[in-house]
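J.: Among the features that TrEMBL reports, active site, nucleophile is placed at Cys86. Sequence annotations record features per position, and here TrEMBL assigns active site to His195, Glu197.
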Amino acid sequence: MKFAVLVFPGSNCDIDCFKAVEQTIGQPVEYVWHTATDLSQYDAILVPGGFSYGDYLRCGAISRFAPVMNEVVKAAEQGKFVLGICNGFQILLESGLLPGAMLRNRSLKFRCHQTKLRVDNNQNPFTTQYAAGEVIDIPIAHGEGNYYCDDATLAELKANGQIVFRYEGDNPNGSVDDIAGISNKQGNVVGMMPHPERAVDQLLGSEDGKRMFTSILNAWREKHGAAVVR
Ligand SMILES: NC(=O)CC[C@H](N)C(=O)O
């Protein structure tokens, strides 16, 4: 299974994502610059966190027009796995690959600390290695993570099981319904504000992010009739 880690001017979690893939599942992974126009060789696309284009206008609002994003849309349509983390989630929202929008944190402060997340959908390709309702430790680091959608969209997200993660206990940004991560209707595109790639080793404070990567690999192996890993 081959992974792409997108790199925009201002990405700063690209190396963490790359290392997380190498260390958790040992699969081939490459950096792909934002001007790339062909993602056909990759099975999964990671859109990493950071401050792409300096967060000018709105987080993700400029990156959404990068040439590579046309290819990400194509990859998503083909059923490939797309994971947007933090700024990556913001970019997927701006691209229309996921519904809703991101607002400034209710505190108007950049928040950077561990959070407790509840796995609300463990039937998603990114979360099958977690128990339903399991509470995990994953850090956040953002100023614009206050996820917003209107009532009709929220009802749809709930009805389709598209809410993948919610904050458990303290909601650090004021997001609607404590949402921390959502998927598209098909489940192959996920965006989340917390950083699983920063939680893949006890030295980092938590290993709870690891199973996102093993879940993705298993989902791909199942799709291709290969043995799954435990
Ligand atoms: N870590 C990140 O990806 C930060 C995202 C974005 N720059 C924000 O502050 O909200």
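Cβ atoms here come from the backbone N, Cα and C positions, even for glycine.
Keep in mind that TrEMBL annotations are predicted by a computer and have not been checked by a curator.
Map the listed features onto the structure and describe their local environment.
T.: Annotation for Cys86 (active site, nucleophile): spatial neighbours Cys13, Pro48, Gly49, Gly50, Ile140, Ala141, His142, Gly145, Met192, Met193, Pro194, His195, criterion Cβ-Cβ under 8 Å with sequence separation of six or more.
A simple way to gauge crowding: the CB of His195 (active site) has 25 other CB atoms within 10 angstroms, across all the protein chains here.
For Glu197 (active site), the number of other Cβ atoms no farther than 10 Å from its own Cβ, over all displayed protein chains, is 30.
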J.: For ligand 1, which among the active-site residues Cys86, His195, Glu197 have a CB under 6 Å from it?
T.: Cys86
